[in-house]
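A.B. asks: Feature table excerpt (TrEMBL):
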type     : residues : note
TRANSMEM : 7-25     : transmembrane segment
TRANSMEM : 45-66    : transmembrane segment
TRANSMEM : 73-92    : transmembrane segment
TRANSMEM : 104-124  : transmembrane segment
TRANSMEM : 131-149  : transmembrane segment
TRANSMEM : 196-220  : transmembrane segment
């Protein structure tokens, strides 16, 4: 038992470091600019893309920690590790090195949704219920959870006769690259045809897709994070058994 605990003291810090690196890289490759620049945090794509990408690692690590260790904090651990990686990158790479304002590259938070998912798994002990209620809450709570942080940046501002949001104006002041996709207005989008209820539609669509992504990545965690052992008998053929927390 003592040797096992010493191994855990070495193994779990390494696991957290790997989570910081791999989850951050995965998140930046897929969510990327929507969660990076202040003027990309709109009411249409930001609440859709970010939770769908963010729930992937959370689901897999939830399976790994729950099935093997009965620990119900996989989603919160993933989100905290992601925030650590993001803050290291934003501060040292873009504030200290490139001199961007820290509030222009401020990362969003998914901690409220992660807490709901972990709580659902702890109380129900059922991954399907967690996918339906926890995964849905992960998508629905993303925008309200970030509104106190980024809401003031959507206030209107008139600059030389042009109506802009504060986020758009900040984006024009701090030039990043010459490619056209960085010259955008966050208040323009096709969801205006739904009568202006852009955020509500985006949040519910994100919640629905987050449920599906939870199920897909839960099974990926089951495929990659399950240990097996083989039992051999004298009279019967060998058969494979899963090694879980019930072993």
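Just so you know, glycine gets a Cβ as well, placed from its N, Cα and C.
Relative to the rest of the structure, where do these features sit?
C.D. replies: Using a Cβ-Cβ cut-off under 8 Å and counting only residues 6 or more beyond its ends in the same chain, the transmembrane segment (104-124) has close neighbours at 35-38, 41, 46, 50-51, 54-55, 58, 62, 66, 72-76, 78-80, 82-83, 86-87, 90, 94-95, 130, 133-135, 137-142, 144-146, 149-150, 170-171, 174, 214.
If one looks beyond the transmembrane segment (131-149) by at least 6 residues along the same chain, the residues whose Cβ comes under 8 Å of a Cβ in the stretch are 41, 43, 46-47, 50-52, 54-55, 58-59, 75, 106, 108-114, 116-121, 199, 202-211, 213-215, 218.
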A.B. asks: Should anything in the same chain at least six residues away from the transmembrane segment (196-220) have a Cβ under 8 Å from its Cβ atoms, list it; otherwise answer none.
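C.D. replies: Sequence-distant neighbours of the transmembrane segment (196-220): 43-45, 47-48, 51-52, 55-60, 62-63, 117, 127-128, 130-132, 134-140, 142-143, 189.
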A.B. asks: Who are the chain neighbours of the transmembrane segment (45-66) in space, where the CB to CB distance is under 8 Å and they lie at least 6 residues beyond its ends?
C.D. replies: 19, 22-23, 26-27, 30-31, 34-35, 72-75, 77-79, 82, 108, 110, 113-114, 117-118, 121, 127, 130, 135, 138-139, 142-143, 189, 199, 202-203, 205-207, 209-210, 213-218, 220-222, 224-225, 245
